[in-house]
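Summarising the annotation, Swiss-Prot assigns domain 'ABC transporter' to 24-241 and lists sequence analysis as the type of evidence. Sequence annotations record features per position, and here Swiss-Prot assigns ATP binding site to Gly56, Pro57, Asn58, Gly59, Gly60, Gly61, Lys62, Thr63.
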Amino acid sequence: MFHNLLGKNKIFSHHDRYVNDYIINVKDLSFAYAKKKVIDNVSFQVKFGEIITILGPNGGGKTTLIRILVGIYKNYLGIVEYAKNFVIGYLPQNFSVNSLIPMTVEYFLVSSYTKQRKKLNLNSVLKDVNVVKILNRQMSEISHGELQLVLLARCLMLNPDIIILDEPVSCMDINAKDSFYKLINQLILRYNLSVIMTSHDLHFVMANSYRVICINKSIYCEGSPSEIVKNEKFLKMFSSYA
């Protein structure tokens, strides 16, 4: 879906994918806006089945990194490698719905189907993400939390290998956040997924991530939640924007 990115891109074979378990390999990645560097020499790998959360301050490069991974930003320096026949489901930070265009949730999802990719059973996806009860409602009338679930269902319809989410719970209350993260963990097992997401919610990040990457233009530290909470660089970075 996003293999045709510019830059020094490579595609792993399926054999390579399962030998080393990596589905994304980022090496020496840099990106600049108007000569101002916002990503500086970033390298990391994503293993099959991981939940990785990217933490960092506003303006630290989290969203830029996500947009590079999904193919929106292409004029980067460095290498981004993907597994062969690799499909990404993307849930952006800001998704606007035109209230002047009548569109039910059901129509929005059905119209998202594409013939180029084998799709999962729609009814199964709708039940798993718990959006059946809002199918007849207008897209412009649903809450932000419901919109995130609809977008998540749309991602799953692509039968992706990984879902990349940019600040998916930023406008949810604490109960909705808890439910959303529990759902993500269930979907990983049911759909055989990997997940990358950005977040500011330290408590939920530590409870629901396999690995945490702390970024402020470059990577300050990374590791499991238990490792990160003991890292001085992490403590210093988080205290500055918490």
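In case you wondered, yes, glycine gets a Cβ from its N, Cα and C as well.
Sequence features annotated in Swiss-Prot and their locations in the structure.
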residue: Gly56; record: ATP binding site; Cβ within 10 Å: 23
residue: Pro57; record: ATP binding site; Cβ within 10 Å: 17
residue: Asn58; record: ATP binding site; Cβ within 10 Å: 8
residue: Gly59; record: ATP binding site; Cβ within 10 Å: 12
residue: Gly60; record: ATP binding site; Cβ within 10 Å: 22
residue: Gly61; record: ATP binding site; Cβ within 10 Å: 23
residue: Lys62; record: ATP binding site; Cβ within 10 Å: 26
residue: Thr63; record: ATP binding site; Cβ within 10 Å: 21
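Mean pLDDT for the domain 'ABC transporter' (24-241) in the predicted structure: 89. Neighbours of the ATP site: apart from Gly56, Pro57, Asn58, Gly59, Gly60, Gly61, Lys62, Thr63, residues of the same chain with C-beta atoms within 8 angstroms of the site's C-beta centroid are Thr64, Ile215, Asn216. DSSP classifies Pro57 (ATP binding site) as coil under the three-state reduction.
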